[in-house]
Amino acid sequence: MTQPTRVAITGAAGQIGYQLAFRIASGQMLGPNTPVILQLLEIPPALGALKGVEMELLDCAFPTLAGVVATDKAEEAFADAHYALLVGAKPRGAGMERKDLLLENAKIFSAQGKALNDNADRQVRVLVVGNPANTNALIAYRNAPDLDPARFTAMTRLDHNRALAQLAAKTGKSVNAIRQMTLWGNHSATQYPDISHCTVDGKPAPSLVDETWVRDDFIPTVQQRGAAIIKARGVSSAASAASAAIDHVRDWALGSPADDWVSMAVPSDGSYGITEGIVYSFPVRCKQGRWEIVQGLEISEFSRTRMKATEAELLEERDGVRDLI
Ligand code: NAI
């Protein structure tokens, strides 16, 4: 019998966790032939709610669910984990400065980086969703010296998917017709969704839409989409975020489509002149469980300026948490 794969989810009783746990348990992330054990982590006040999530998971009677662990101890949640989806984070409280938010989360992600280092499977694949996701991933991998930094990624797939949806709507085509979308940089309002290399039904996207639309409509719409969802729903995106997390891990584990690439925030190796070490979103191809940054893309002046602006924000975030990395 196939040994079950251990998948840790932090913040599992939260909005995103409540979507994610069920989709993973039903086989949507690793496929119908891979049994999973879910290892769910929450903070003590949320353990009651987590118990409810565990009960509902069992009630689904998913054939792919081989077990559930519900705990407030990181070492238990990360024990022998093959995948860790770090979703739990401290939300921004009233009157809280961005700097304080960064520091509060830095504490959580340094502790979780250490716990992964000491308890997870040596081949663990980590996806950080909790914000500020890129810098939290940087902190986590710097606190896990025995694990390969390439095992740590942050989520910009939701932004990538939002960009696909906007371009599809504008060109009147399905998202299936689009290839080679890129999301550069930080998961924040400085992110740069880039259609320069995109094709739609094989035609270069820049020849199908005008520059003014890209600059004044497409880019700000994708950058501000999270805020627009909060305004409409009263709470932040959850189902789409969970869906993007599934896409991210599935493609990483099982491979990205051969004729396309995806966007993942990964520790920079200096590609495209981006500072080494920061967790920056690049176009990547995934094969045999590894990601690789797509090389050799031509970068226009317009793109370069935006790629640098989002890099500058990440460098500023890094400087704000220097003591913890
Ligand atoms: P939520 O507030 O509904 O759930 C967060 C859960 O995390 C709560 O149940 C809380 O008890 C738990 N938690 C807090 N600290 C924890 C810790 N130290 N260990 C374990 N669990 C902990 O929030 P939601 O909507 O599920 O969002 C989660 C995070 O994902 C937020 O930081 C949000 O900003 C971020 N996010 C990121 C996106 C991305 O594209 N990268 C997209 C959407 C949300």
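Any Cβ shown, glycine's included, is placed from N, Cα and C.
Any TrEMBL annotation is an automated prediction that lacks curation.
Residues ARG92, ASN131, ARG162 are given by TrEMBL as substrate binders; from ARG98, ARG122, that same site also lists ARG98. Per TrEMBL, the candidate among GLN112, GLN123 that belongs to the NAD(+) site alongside GLY11, ALA12, ALA13, GLY14, GLN15, ILE16, GLY17, ASN105, VAL129, GLY130, ASN131 is GLN112. Proximity of the recorded positions ALA13, GLN112, HIS187 to ligand 1, judged by a Cβ distance under 6 angstroms to any of its atoms, singles out ALA13, HIS187 in sequence order. Distance between Cα atoms for ALA13 (NAD(+) binding site) and ARG98 (substrate binding site): 25 Å, as a whole number. With respect to GLY17 (NAD(+) binding site), the closest of these recorded positions in Cα terms is ASN131, chosen from ARG92, ARG98, ASN131, ARG162, HIS187. Confidence for the domain 'Lactate/malate dehydrogenase C-terminal' (156-318), expressed as mean pLDDT, is 97. Whole-number maximum of the Cα to Cα distances across the substrate-binding residues ARG92, ARG98, ASN131, ARG162: 24 angstrom.
The highest number of surrounding Cβ atoms within 10 Å, among the recorded positions ARG92, HIS187, is found at HIS187.
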